[in-house]
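Since the structure comes first, as structure tokens, the remarks are kept for the end.
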Amino acid sequence: MKFATFAERAAEIDAESADLEIVECVTDLLVDAGDEIEVIARFVQGRVFPAWDSTTLDVGPSACYEAIARAAGTNVDADDVEDRLAEIGEIGEVAASYEFGGQQGLGAFTGGSGGDDLTVREVHETLTDLAATEGSGSQDRKVDLLFGLFNRCASEEARYLARLVLSEMRIGVGEGAVRDAIADAFDLPDDRVERALQVSNDYGRIARVAREEGLEGLDAVDLELGRPVQAMLAQAGTVTDVLEEWAEAAVEWKFDGARIQLHHDPDGLEHDPGAIGVSSDARPDDSRATTRAFSRNMEDVTDALPEVVEFAEETLEEPVILDGEVVAVDDAGEPLPFQEVLKRFRRKHDVEKAREDVAVRPVFFDCLHADGEDLLEEPVVDRHDRLESVLRARVGNDVGPEDVDGLSLLWITDDAGQIESIDADALEAGHEGIMLKDPESAYTPGRRGKNWRKRKPDVETLDCVVTGAEWGEGRRATFLGTFELSVRDGDTLETVGKVATGITDEKLAELTDLLEPHVAAEDGQEVTLEPAVVFEVGYEEIQTSPTYSSGYALRFPRFVGVRHDKSPDDAETLERLESLRSS
Ligand code: ATP
């Protein structure tokens, strides 16, 4: 297809505002796309490379302005382009406002004001060369290549070329529109096109497969080792919601790090995107990497994270795709704040030095592929079992799950108390809280569905007086736990709930030391405490309840800390509880 035709069709789409009409235009474009269907399916979304491919053009606006200026003639310079941009506000419009190729260069031989037979393929090939240009003088070479393209453009072509180069296509075509257009153009069911797109992350390839191989071809598209898929995302939710929606919840710690997707094959990855410009399919197996790690945005972050590569080499024995989090840790292996991970995450230089300052370790919570089998459709629990067995390759079955390196533990429960306790443990261990997952659900790449919930942070916390406690059992028999919480109502204290579980032995010992001197009476395991200590607690909801003397109960109270700076007189009042409930 001529690039002029593509530009004309892009302008038609640009002029549409209704979604249905946009999909119709893209459908027609794909039907007419001919040999260049892969590239066209990407260009129309403003992409040059497939979504799984982290290759970038690495060309800044100024290189683009310079190329436009050179193509526009001797009287124009990059400042002039910038001035027009300041005036007009959009680079496509600026590029379209010049006449190219009339005065100089190639255009002069092709009939004056540009608009020769530049094809979509040529634009794509040139941009691919441009992306592969590295080293000294590469910016000049990139400007030359862009100049060569602009110089052959008529104004509409220049408009969309400039937008494409600067990732500012903005004609209203998102992934959903291309998905619908592929289904409509080749008369295929939406959900099967969607599946193939999720698995391949490649709109161009799926457009071609849909056209040439139909449903059978689409259904045969599998995950490929070395090509990242989009990460499944989470919605905010509460324990109350999920226990109402699901029979049980799969509960995991929510690690405070950065998402990574690990692709590993001991025999070399099927696709090794490591060497830009070299087709991985053409590389011999023994020169392919065995491990690649991708960020949440599918950038290749392998080189920044040698610990992850070492972990994979030391732990894994079969080809796998794992989903997880990379966490920064201190010398004792304790988690550090998320900002510390960021220092490591995209670091390209002096990685070894950075590693000495902040070490990272991976924790995996999902397994998308193992030993030739795609697991996306399998339920969470089965994928987790598979994950555990993959990570046990070297340690075998002699150790408990908590001693399997890199494994995020998972609990299946319908017991709110247990969920609370897992949450408290996670916070205590320095993590963010918990994730709640529907145990039966599949892995849906790129979706922020209801099957994964991140527990909402507490909007409010309350400072409550501790008026009672219980002695623990067994190992915890010498510790006070299950603390009764009260609020003030005039001169009296009224109970609102109990905060119990999950506080570590160390913390319980500390709290016992603090509270024991205030024990006023004992009845079996239960103790009454004189009001002296104030706890800060989070909660999900305030409900009316006959259980407590205040007439209210805190749903899912969480221990946040001791308010050493507050006395019972400064604690929350019943009045405030009522006003929080009605707000
Ligand atoms: P958002 O996804 O809303 O843009 P975000 O990237 O800050 O925001 P959150 O929404 O806070 O992430 O939570 C989801 C993220 O939590 C996941 O993308 C993942 O990186 C991280 N995470 C940590 N532990 C887990 C776990 N056990 N299961 C799933 N995700 C986890």
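Each Cβ is built from the backbone N, Cα and C atoms, and glycine gets one as well.
Those TrEMBL annotations? Automatic predictions, nothing curated.
Per TrEMBL, these features apply:
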ACT_SITE  LYS254  active site, N6-AMP-lysine intermediate
BINDING   GLU252, ARG259, ARG296, GLU325, PHE365, ARG448, LYS454  ATP binding site
COMPBIAS  264-273  compositional bias 'Basic and acidic residues'
REGION    264-287  region 'Disordered'
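Structure coloured by features recorded in TrEMBL.
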| residue | record | DSSP class |
| --- | --- | --- |
| GLU252 | ATP binding site | strand |
| ARG259 | ATP binding site | strand |
| ARG296 | ATP binding site | coil |
| GLU325 | ATP binding site | strand |
| PHE365 | ATP binding site | strand |
| ARG448 | ATP binding site | strand |
| LYS454 | ATP binding site | strand |
For ARG448 (ATP binding site), nearby residues of its own chain (Cβ under 8 Å, 6 or more apart in sequence):
LEU233, ALA234, GLN235
Mind running the binding-site residues GLU325, ARG448, LYS454 against ligand 1 and keeping the ones whose CB falls under 6 Å of it?
GLU325, LYS454
Please name the residue among the recorded positions LYS254, ARG259, ARG296, LYS454 whose C-beta has the most neighbouring C-beta atoms within 10 angstroms.
LYS254
Taking just the CA atoms, what is the gap between LYS454 (ATP binding site) and the residue listed as 'active site, N6-AMP-lysine intermediate' in Å?
8
DSSP helix, strand and coil counts for the compositional bias 'Basic and acidic residues' (264-273)?
0 helix, 1 strand, 9 coil
Same chain only, sequence gap of 6 or more: which residues have a CB within under 8 Å of the CB of GLU252 (ATP binding site)?
PHE365, SER408, LEU409, LEU410, TRP411, ILE434, MET435, LYS437
Which chain-mates of GLU325 (ATP binding site) that are at least 6 residues away have a CB under 8 A from its CB, listed by sequence?
PHE255, GLY257, ALA258, ARG259, ILE260, PRO362, VAL363, PHE365, SER408
Taking the Cβ of PHE365 (ATP binding site) as the centre, how many other Cβ atoms fall within a 10 Å radius?
23
